[in-house]
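*Asks:* OK, TrEMBL features for this one:
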{"type": "DOMAIN", "residues": "392-459", "note": "domain 'Gp5/Type VI secretion system Vgr protein OB-fold'"}
{"type": "DOMAIN", "residues": "476-587", "note": "domain 'Gp5/Type VI secretion system Vgr C-terminal trimerisation'"}
Amino acid sequence: MPYLLGEPALVLSKLEGEEAFSTLYSYTITAKTPANPSIPWQTASNVDLKALIGKEMTIEMELDGNGLDYVKGVGKGTREISGLVEKARFIGRDANQAMFEIVLRPWFYLTNLTSDFKIFQKKNVVDIIDEVLADYNFPFEKRLATTYPLLDFQVQYGETDFNFLQRLMEEWGIYWFFEHDDHKQKLILVDHVGAHKRYFSEAYHIIEYLSDEPKAGEEYITQFQTQETLTTGRWVYNDYDFTKSRADILTMDSKPRKTSFNELEIYHWPGDYEQPDIGEHLSRVRIEERGALGSRAEGSGEVRGIVCGANFELQGFPVNKANREYMVISSRLSVTEVAQLSHGDEFRYETTFLVQPTTKIYRHPQLTPKPKTSGPQNAIVVGPPGEEVWTDEYGRVKVRFVWDRYGKNTESDSCWLRVSQAWAGNSFGGIYIPRIGQEVLVDCINGDPDRPLVSGSLYNNVTRPPWDLPANATQSGLVSRTIGGGLTNYNGVRFEDKPGQEQYWEQAERNMARLTKNDETQIVGANADLSIGANRSVIVGANSSSTVLGARDESIASTCSLQVGAARDVVIGATHSLSVALANSTTVGLANTTTVGAANMTTVGGANGTNVGGLNATNVGGANLTNVGGYNALSVGGAHQVAAGGAASLVAGGAIAIGAGGELVLSA
């Protein structure tokens, strides 16, 4: 607090403010400079207001302790109202006093002045609250009775810290208020009625209702109205878990009040859960929120100790059922200067409040909207160091979002993201696993940042298209990449659509296997070339037919083996030439017939031998001519007969010798 001539530069003239569950309170202070003739208002108006901004300020109010069983002095003390100065302004003068207006806010208000994009994984709502509030060096206390489940993936998506925490707490049933003590404001987080206490001053544990003739100098409630309201009786949630896609995970909670139309139902989808036990908790919180609206009361009086978050018991109200213990949901305080006396200031206090019976659970309404994504966003696929592909049984990947400034480019940067495929069925469809380092397009189911999925992939300056563009803009296709391989190591299919150069092209980096379970037809309009670097094996289960409409050339660089299990027919429509560079051997297991329709000539460059194991017969329909360039010998092991149907001649260029081992007979 600034000083003027050794005394505080500002004195309280008026105070107004309201505190309520899960609401950032605001107190507006009207303050004056001291009524000191030595300090003209023009001088006093130059208080350094900027020096006040962000400073903690406390207003103290004396509690007389009057009002508890008519015993004065019981519960005396001081009520504090503390807060950070949010803003201060000069508003004019009152006679010789400069006037200022100062607004106090809780330290939790600071969370409204910062926002972030941040991912929280495998943490429950309390863990998330702790992590966010760790950045604020102010006191808070958790009076929580519920064990909260771990959440796989929660995103603070551009929200202020306040909106993010408020949204989570509203959803999970945590609410909060402030306790003012020791010139500090402590944030209190609660999730059950038992966390609330009565105010520290005993004078406000039991408060009388007295509307007609209030006693001067004592504190009473002078206005009090109870209210019953028609509310929803059942809350139903539903959602979807793809790992149990056929499971029904619908949850509901029903808490009908004893009124008419108490079974009215609210059905909400999606429920923001995948596990049914989480859905049950969320359904219970929502129906408790609606049920809490059913029984409320409000009132007012010159009571300084009715404080948000504290309990008190009402006495003396004409409706007997209303004389019970209440929890203060909100309280509004107005303090107005009445007169300035020589021995001090005098003020009038007025409090209005909203309460709920302590037999009812309070849940704050779910008012803070969850942000929705407005379209696809970019991310980079990540994984453990040294890996190129990182996936799970569902083909999911992990990514680092471009907005994530806390990511480390590792598999811990996100949850598993499902990958949208062009076709997905039960063990059939298309599959493509984005690889580490690739840029992908991420969308969110129902626009929920907590439910991202990969909807596509993108090229960039690092991960470029498989062929040069725009030079090859007429080409389209698919190209994979061998793990650990280079630019030339891939499987691929490519379509060239350039006029006059249309082409279908494919490559298998290593092996190619093709299975046709029935017929296969291949038609080549022009030439077909097949080049095999090593062996080739063809197995035909039944018949094989090959038709060549023109000439056929077949060249075998090494040996050729043909094995026919049954009969073989070779029909040649014209000449047939067989050239054997070395020896030729033909083995026939049974009879062999050679039919020549015209002349037949056999030329043997060396010796020619014919071995016949049985009868050998040669029938010549016309002349038979045997020409021997050298010696010719005929050796017959048995009888030998030569018969000529016409003239026979034996011509020798030299002598003719006939020798007989036995009788020689010549007849004519």
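Heads up, the Cβ atoms here are built off N, Cα and C, so glycines get one too.
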*Asks:* Please list the DSSP helix, strand and coil residue counts for the domain 'Gp5/Type VI secretion system Vgr protein OB-fold' (392-459).
*Replies:* 3 helix, 23 strand, 42 coil
*Asks:* On the 0 to 100 scale, where does the mean pLDDT of the domain 'Gp5/Type VI secretion system Vgr protein OB-fold' (392-459) fall?
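*Replies:* Averaging the confidence scores along the domain 'Gp5/Type VI secretion system Vgr protein OB-fold' (392-459) gives 95.
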*Asks:* Looking only at the domain 'Gp5/Type VI secretion system Vgr C-terminal trimerisation' (476-587), how are its residues distributed among DSSP helix, strand and coil?
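*Replies:* Tallying H, G and I as helix, E and B as strand, the rest coil: 0 helix, 14 strand, 98 coil.
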